[in-house]
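For reference, TrEMBL has these:
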TRANSMEM  46-65  transmembrane segment
DOMAIN    50-337  domain 'Sugar phosphate transporter'
TRANSMEM  77-102  transmembrane segment
TRANSMEM  114-135  transmembrane segment
TRANSMEM  141-161  transmembrane segment
TRANSMEM  168-185  transmembrane segment
TRANSMEM  191-208  transmembrane segment
TRANSMEM  229-247  transmembrane segment
TRANSMEM  267-287  transmembrane segment
TRANSMEM  294-315  transmembrane segment
TRANSMEM  321-338  transmembrane segment
Amino acid sequence: MSTHASYNMRSKSYYENDIKGTMKDIGGGKMVSSGTTTATGSKENFFIFSLVSLWYSSNIGVILLNKYLLSNYGFKFPIFLTMCHMSACAVLSYISIVFFKVVPQQMIKSRSQFMKIATLSIVFCGSVVGGNISLRYLAVSFNQAVGATTPFFTAVFAYLATLKREAWVTYAALVPVVAGVVIASGGEPGFHLFGFIMCLSATAARAFKSVLQGILLSSEGEKLNSMNLLLYMSPIAVIILLPAALIMEPNVVDVTISLGSENKTMWLLLLLNSVTAYSANLTNFLVTKHTSALTLQVLGNAKGAVAVVISILLFRNPVTVLGMAGYTVTVMGVAAYGETKRRFR
């Protein structure tokens, strides 16, 4: 969803094939006391709760920091900001995989595979930059409502790419997803056409990337888990975004240094924002690994609602009953779509 969702490297449906957990025997087949089992279960539940909390904090945090920097702080450089995020992802992905062994490192095996990853990186850059640009003009609450339509675009692109149809009930569930955004748009006091177009484009690009990824990296020899994919996509994204920022945002260096000189917290905010962007990816991967796809879907829908409430409290942006009603309809549609996908796949 929106900007934070743009950092989630794969769609929920794709994650189901990305990570397959294995059941581990407790106690090697020996009898285990109920007290030990209960203690183990409590620790696991606490670990998952902590993981989900960090996931929420990272995803919501990167949205709010993006909004604050781009709209409230005077740092009006969404391309350069995205480049900072990708730089942090490149460095931290390397450290996490090579040194901390978060996941086994998967190597690029051919020029063809590299070109596919580069293609995905370009689409990914477009989705993230578009999302960040939209935050300059739209309130986070409306940005989240538009971003929630990702399943609609995913279904459209999946059909165009594979010509495989879902059950009619699944497509019917997408009606409220779109209808809710139409309602929310009519009730949005701060509606901005260009911001809306950029947000919609970013959402479509994010969905297109997930579908494209499933097609390009579908063979067993080319599949990469999301963390390894991020490791290879991030440096490519930096190479693309750096000249783009210097050309399209020519005064970015001077303004950034000026803002940093006036307020030393500027550098801290940029660093925190970039690290949080990587944390959103890492925790999304870990939550997916330690929970089910259905749990991830429910948590994801709730996360969007939490982000809306927090943003309204922080930025005091005006909201209307019609706007909130539209967002609610969209979220309910997304939930219904996920449920029908689960039942009729």
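Glycine too: its Cβ is placed from the backbone N, Cα and C atoms.
Unlike curated records, TrEMBL annotations are generated automatically.
Taking pairs at least six residues apart, the transmembrane segment (46-65) and the transmembrane segment (229-247) share fewer than three Cβ pairs below 8 Å and do not count as touching. Beyond the ends of the transmembrane segment (141-161), by six or more residues, the same chain brings 1-3, 5, 11, 13, 63, 131, 134-135, 170-171, 174, 177-178, 180-181, 184-185, 188, 190-191, 196, 199-200, 202-204, 206-208, 210-212, 215, 304, 307-308, 311-312, 317, 319, 323-324, 326-327, 330-331, 334, 337-338 to within a C-beta distance below 8 angstroms of the stretch.
Outside the transmembrane segment (267-287), and at least 6 residues removed from its termini, the chain residues within Cβ reach (under 8 Å) are 4, 7-9, 19, 48, 51-52, 54-55, 58-59, 61-62, 65-66, 68-69, 73, 81, 84-85, 87-89, 92-93, 96, 102-103, 225-227, 230, 260, 296, 299. Nonlocal intrachain contacts for the transmembrane segment (77-102), taken as residues 6+ away from its ends with a CB within less than 8 angstroms of a stretch CB, comprise 7, 62, 66, 69-70, 125, 128-129, 132-133, 135-136, 227-228, 230-231, 234-235, 237-238, 241-242, 244-245, 248-249, 252, 255-256, 270, 273-275, 277-278, 281-282.
Counting Cβ pairs closer than 8 Å to the transmembrane segment (229-247), the top stretch among 114-135, 168-185, 191-208 is 114-135. When averaged over the domain 'Sugar phosphate transporter' (50-337), pLDDT in the model lands at 92.
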